[in-house]
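K.L.:
Residues or ranges marked as phosphothreonine in Swiss-Prot (evidence: similarity to another entry): THR59, THR71, THR146, THR296, THR456 (among others). Annotation source Swiss-Prot lists region 'Disordered' at 92-119. As annotated by Swiss-Prot, compositional bias 'Polar residues' applies to 109-118. Swiss-Prot lists SER120, SER124, SER251, SER316, SER443, SER695 (among others) with the feature phosphoserine. Summarising the annotation, Swiss-Prot assigns N6-acetyllysine to LYS127 (among others). According to Swiss-Prot, the feature SUMO2 cross-link maps to LYS434, LYS457, LYS598, LYS697.
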Amino acid sequence: MSQVTTSYSYDAPTDFINFSSLTDEEDMQHIDSWFDEKANLENKFTGKDGTGGLYQGKTPLRKANLHRDVTPLRPVDNTYNKQAEKENLVEESIPSNECPSMKVKETTSRNNPVQPQRRSLRLSAKKNLEQKEKQHVKMKAKRCGTPVIINEFPPSKKMKVQKILKSTEEQELEKRMKMQQEVVEMRKRNEEFKKFALAGAGQPVKKSVSQVTKAVDFHFRTDERVKQHPKNQEEYKEVNFTSELRKHPPSPARVTKGCTIVMPFNLSQGKKRTFDETASTYVPLAQQVEAFHKRTPTRYHLRNRKDDIMPLPSKSVVRICRDPQTPVLQTKHRTRPVTCKSAADLEAEELEKQQQYKFKAQELDPRILEGGPILPKKPPVKPPTQPVGFDLEIEKRIQERESKKKLEEEHYEFHSRPCPTKILEDVVGVPEKKELPITVPKSPAFALKNRIRMPTKEDKEEEEPVMIRAQPVPYFGMPFKPQIPVGRTVEVCPFSFDSRDKERQLQKEKKIKELQKGEVPKFKAHPLPHFDTINLPEKKVKNTTQVEPFCLETDRRGALKAQTWKHQLDEELKQQKEAACFKARPNTVISQEPFVPKREKKSVIEGLSGSLVQEPFQLATEKRAKERQELEKRMAEVEALKAQQLEEARQQEEEQQKEELARLRKELVHKANPIRRYQGVEVKSSDQPLTVPVSPKFSTRFHC
């Protein structure tokens, strides 16, 4: 697969230089002549006199003596050819314990030379490219060869983990190194198994000595940061502020990394007391103070000035015997006030309450001294219950009906009255017939608008004059006396229940006295107590407080948070493992059409190297002006459309008014109807016979 055959053919121009045919000694100096000629042709332009001359303001693109300063262009090669070249360059980086299959692949790639690509490069650029790639591959092989130290503890959440993404080449090299190491380990295991199988069960087998664990130094991420210790910093110097405004501080020097000193982890511990500490043995305060002073270093203790002043050797210090005195302890002032009352205080309070209580004796009932059986008072005999009938409404209605019937049953006698004479003289009870006025014929009012004739004075009925009646003359025999309203003044009384409360209290006292007189208490003597045995109530001993551990909410939240944090770390590690796993994508480069450069069509002025061609531009004002014109045009069209619609509506309304006026005029013209002709009325005699009168047949059997 090192050599790829393509089915594409190109019709490219043949005016190019074949760099493979050139010799290194002859044409090394003139190797870039073709590029200089092209640059000189581009830099020529026609002057004022018509002659062509070099462009004075610009330097030529390339010079013959500047080969190494030009950055080499990378060829567009196939991935397989590129991989073959890199495998040739990695010879030195591959260790000697690689598998033979890898060597076979390398020999096949060496035997098949890479075909020269279509695009050409200068030899100087090609050499520089090869040297740089060799150095790059060596550095990568060294990095991959060094053992990778994986931190056992994942980084904390607050630390920012800088992920350095590796290229596909580095990932491939790492994968290859891992595979080589696995093959070497498998080979060693196979050899050991082979020796064990050949030796058999009877022969002693030499145990393979396991390699000693090599100590690996700790590699802290913080060592990569450049830090300056505060002790090593220079002393503060007074500097002029204005002169140092534009000066930037010098970059810190790269500190050489030394060996990391292995130190034990100093993990933070909470200062909260646990249950075991609180339940420890009791330690007196004096011992605690003494232990605290012993723990404190001597350099933190305050020294007494008297100790510094040494006594003179001439004077002898006389020791005086001192009497022991009790120390003035301050602990009694630190006692808390006792809120619970003692038993003596409680007994004193009960005694005071007993002394304050006054016994009120009741009056002596004289019947107790008189003697005889004391019987309870006989209750008063209540009168028998008198039955009271119900006063129902239905009974009232029945009584009213009976009374009405009695009134109706009264005997009625008929007394005739004289007949009025008016009945004989004239018609009585029939109203007089009103005489209607004779109808006066009048011509119809067709010419008027509403066809209604205005009423004339003759048509108006004569209104009857209103009769004015005089008021009766008042009687002046008695003088007029106006009625004076009686003054009713409401007296305001205070709202109080004093009188009613006093009456109730008197009634209550009276009732209590009656009850006391009625119920005489019976004397019952208590037996004499036995003083031999004293029965006291059992003393209630309270149970001691049971010590229980605190169930704090913070502990529960801490456990929950630790669980979630662990779950997040597991998820992050899983994602990192998935990201580190390499998955190759399918090779689509083989089936794709290769890149074909297209020649750009440029003018002579644009073809000049380094020339600045003014690109077309559009001002924002012009754009806004065009938009404004379009907006005004649209607004004018809308206004014209509105005016046209209004004009059409006005014309339509005028036509409707004209049609309505013509219709009204046509309706107002009178057209006389012809006289109607009716059929004559023929009087015919009736065919029915005359009514024969028949006397009624009255029956008297239903009469009472």
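Residue numbers in this text run from 1 along the chain shown.
Glycine is no exception: its Cβ is also placed from the backbone N, Cα and C atoms.
Fair warning: this is a prediction, and the values are worked out from it, not measured in the lab.
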K.L.:
C-alpha of LYS434 (SUMO2 cross-link) to C-alpha of LYS598 (SUMO2 cross-link): distance in Å?
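P.N.:
It is 127 Å, counting Cα to Cα.
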K.L.:
Could you state the whole-number distance in Å separating the C-alpha atoms of SER443 (phosphoserine) and LYS598 (SUMO2 cross-link)?
P.N.:
112
K.L.:
Which one is it, among the recorded positions LYS598, SER695, LYS697, that lies nearest to THR296 (phosphothreonine) by Cα separation?
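P.N.:
It is LYS598, whose Cα lies nearest.
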K.L.:
LYS697 (SUMO2 cross-link) to LYS598 (SUMO2 cross-link): how many Å between their Cα atoms?
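P.N.:
Cα-Cα, rounded: 141 Å.
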K.L.:
May I ask which residues of the same chain, at least 6 positions away in sequence, place their Cβ under 8 angstroms from the Cβ of SER695 (phosphoserine)?
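P.N.:
The answer is none.
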K.L.:
Where does LYS697 (SUMO2 cross-link) sit by DSSP, helix, strand or coil?
P.N.:
coil
K.L.:
So if I draw a 10 Å sphere around the Cβ of THR296 (phosphothreonine), how many other Cβ atoms end up inside it?
P.N.:
10
K.L.:
Would you mind checking how many other C-beta atoms are within 10 angstroms of the C-beta on LYS434 (SUMO2 cross-link)?
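P.N.:
The Cβ of LYS434 (SUMO2 cross-link) has 5 Cβ neighbours within 10 Å.
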K.L.:
Which state, by DSSP, holds SER443 (phosphoserine): helix, strand or coil?
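P.N.:
The three-state answer is coil.
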K.L.:
In sequence order, what residues of the same chain, 6+ apart, have a Cβ less than 8 Å from the Cβ of LYS598 (SUMO2 cross-link)?
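P.N.:
Set apart from LYS598 (SUMO2 cross-link) by at least 6 residues yet with Cβ under 8 Å, there are none.
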